[in-house]
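Here is the structure we will look at, set down as C-alpha cells.
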Amino acid sequence: MSNEGQCPFNHANGGGTTNRDWWPNELRLDLLSQHSSKTDPLDPGFNYAEAFNSLDLDALRKDLAALMTDSQDWWPADFGHYGPLFVRMAWHSAGTYRMGDGRGGAGRGQQRFAPLNSWPDNVSLDKARRLLWPIKQKYGQKISWADLLILTGDVALTTMGFKTFGYAGGREDTWEPDRDVYWGSETTWLGGDLRYDKGGACESQHGGNAGRNLENPLAAVQMGLIYVNPEGPDGNPDPVAAAYDIREVFGRMAMNDEETVALIAGGHAFGKTHGAGPADNVGLEPEAAGLEQQGLGWKNSFGTGKGADTITSGLEVTWSDTPTQWGMGFFKNLFGYEWELTKSPAGAHQWVAKNAEPTIPHAHDPSKKLLPTMLTTDLSLRFDPVYEKISRHFMDNPDVFADAFARAWFKLTHRDMGPRARYLGPDVPTEELIWQDPIPAVDHVLVDDTDVAPLKETILASGLSVAELVSTAWASASTFRGSDKRGGANGARIRLAPQKDWAVNEPARLAKVLKVLERIQGEFNSTQPGGKKISLADLIVLAGGAGIEQAAKRAGHDVVVPFAPGRMDASQEQTDAHSFAVLEPVADGFRNFVKGKFAVPAEALLIDKAQLLTLTAPQMTALVGGLRVLNVQTGDEKHGVFTDQPETLTVDFFRNLLDMATEWKPIAGEDTYEGRDRRTGELKWTGTRVDLVFGSNAVLRALSEVYASADGEAKFIRDFVAAWVKVMNLDRFDLA
C-alpha cells in the first residue's frame, strides 16, 4: 500500500522560512512592484475619472442619507443614527496621513486591508463598511471604496445639520495592502516604547517635551492608534501633557492649532465612545478571526455584543446633549462643568462632570439620561492655554467655529489627493487653498515643435554643462511624491523658498543655472507674437531633455527626449514654505546625496525615494546608471562616476561596476568605497553604498547585467529616456 496519502503536508507554497527570515536586512525591492496590474481586477482600459463622472452623485447622496437612519438589528445605530459611526470611519480613513513622507491617508482605500482594518483604533469600523456594502454594490466601479468612505462621512455630517465645505472624488482603489508605509517598530498593539527617543536626541517638530520626541515620520503615539491615546500619554490622565501629544501628531499631519481644535471639537459634537464592559470580552481582530466571521472581527461576548453592550476603545463617553445634531454642546459641557477623574465600565480613565444633572441621552434607551463625560484629550482643549483661547473663541462665535471645522474637515479628507487638478465631481469648492499647492492656470499659447528645436539650440549654446542642465531638471521634478501627489516640476518652485536653498540643490550652482534659463525665457517670450510663451517650469524640463540628447549624441546615439509643454510658474505667495519644507530630501540616491548619517542604510533610502517617485526597480536602475555618467551629483565628489567620459550617456557605470578586474574596499567607515585594480592596486573609482548595491544585491546586479551586456547600450538609452520622461511628467495630471 502506498504511503503517499499519509505523508504530512504542513506548509503551503510561499510559506516556510523565507529570504527575509534568513536575512532580515535584505533590500526591500518588493516595494517597487506593489499595486501592479497583476493585483488589479479591473479591465486594463478602465478609466476611473470617466466612471466617477458618469455617477449620479445626487442619487448616491440620497441613498447614503437614507442609510443613516436605517438601523440594522445585526449592528444597531447609536441614537438611531449611523452618522457618528460614519464620521469616525471617514476620519480614521483620512487620519493616517502624515506630512513627513505623505504616506497614509484616504487616497487608496487602505482601511479595507491589513494592518489598518485590524488596528485597535479601528474597532467596529469593519461593521461600518459592511453597512455600506449594499450601496457600494449598487454603484459598482463608478465610485471607489476610497471615495465612498469619505463621501459617506460628508453625507453623515450633512444629515446631522452641518454644512460641509465641499467634496471631491478622484481616489482610486488599490487591491492589496500597502507595503511601503512605516507604521513603527513595535510588535505589540498599542505599544509605543520604540517610537520615542528617550534621550531627547530627536528634535520635536512642534514644541518641547524633554525625553518624549516622536520618531519621524510617524504621526501616532502608539502602534495601532490614529493619533493620540485618549486616556493621555501612555494612559496617564494628564490633559496638559496630552496637549503636547495632540499638538505633535496633528502638526505632523499638517494641522495647526486652530485646525486641531476645530477637528476635535467638531468631531466630538457627534456620537459617543464605547466601553460597556471589560476588554477581555472582545475577540480577535478581522485579520486573525475565523473564516466563518467573513472578514469581521472583535466579536464581543459581553451581553448582546452590540448596541448598549458595544466595546471599542473601552471608554464610555458621550460629549453632547445632541449627539446626532450639529451644535455647541461639546463646548457648552467642556466649559460648563468642573471635571473629576473616573473610570469607564471597561476600566479606562475618563472624566465625569462634578455636581451635574443627567442630561446626556442614552444611545439605546430613550428613557435614560447620563452624566456628562469627557476624555482626557478633550480636557486638553480647556487646560492647554493656547487651545483654551481658541476653544473659547469658537464657543463665543459659532459661525466661526462651523467654518473652521468645515475647512479643517475638508483638509483632513483631501490632504493626500494632491492638487485641485485631480479633484472630480460637481461639489469641488471654488476657493483655492494654500495647502493645495496652487499653480496658475495656463494663460498663454504653448510652444510647439517649431519652437522647441531652436530653444534647445539656444540652451546648449548658453555655456551650461550637461550636468547642470540635467541636475536642475532632476532637482525640480524629483520632489514629487506619489504618496500625496505633492511636488514635481510644475510650478517651478525650485526657484522659490525653501527649495532654492536646500543643500541637495547646491544653491549657488542652482542660482547660476536659473539665471541663464530665465534670460533665455525672457528673450524668447519677448519676441513671440500672438501671446506665445514658455514658462520657466517648462524651460527647466526642456533644458534637462536637451542635455540628455546632447549626452546621447556624444555616445553616438540620436535620441529625442519627449517634451510636453503646459507647466506654469507658481509665486512665492502660492507657496507655503513651512509645508514645502517636508519635501526636502534627507537623501537622494539618484544624486548620491545623504544629509547626515542615519541608522537606515543609504541604499534603503534610495528605495524609499524611488518608491515615492513610483519607479520600478528597472527604472530606478536605469536612472541611477544614467545620472552617474552624466555627472549629476551633489557636491564635488565624483563617487559613482564610473567613466572616463563624463556627461556622455553610456553604460560605463554598469560595465565598470561589474568588472571583476576591480576590487572594492570600504573607506571612511561603511559608506564610501575605493575600487582598485585587482592586479596593480591602482585607484580607479570611488563609490558609495548606493553605487555598490547595484553590483552587490542579486536582483539589482541582474538588472545591471542587462545594460552592461554587449547589446545593452541602445536598450539602456531607451529605458533611461523613458524613465526620465516619467519623472518629469509625474505631476502632469492633465496628461493622464
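Each residue, glycine too, has its Cβ placed from N, Cα and C.
Feature annotations, courtesy of Swiss-Prot:
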ACT_SITE  His92  active site, proton acceptor
BINDING   His268  heme b binding site
SITE      Arg88  site 'Transition state stabilizer'
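Around the Cβ of the residue listed as 'heme b binding site', the number of neighbouring Cβ atoms within 10 Å comes to 27. The two recorded residues, Arg88 (site 'Transition state stabilizer') and His268 (heme b binding site), have Cα atoms 10 Å apart. Within its own chain, His92 (active site, proton acceptor) has Gln111, Asp121, Asn122, Leu125, Ile226 as residues 6 or more apart in sequence whose C-beta sits under 8 angstroms from its own. Over all protein chains present, the Cβ of Arg88 (site 'Transition state stabilizer') has 24 other Cβ atoms lying within 10 Å. In the three-state DSSP scheme, Arg88 (site 'Transition state stabilizer') is classed as helix. Reduced to three states, the DSSP call for the residue listed as 'heme b binding site' is coil.
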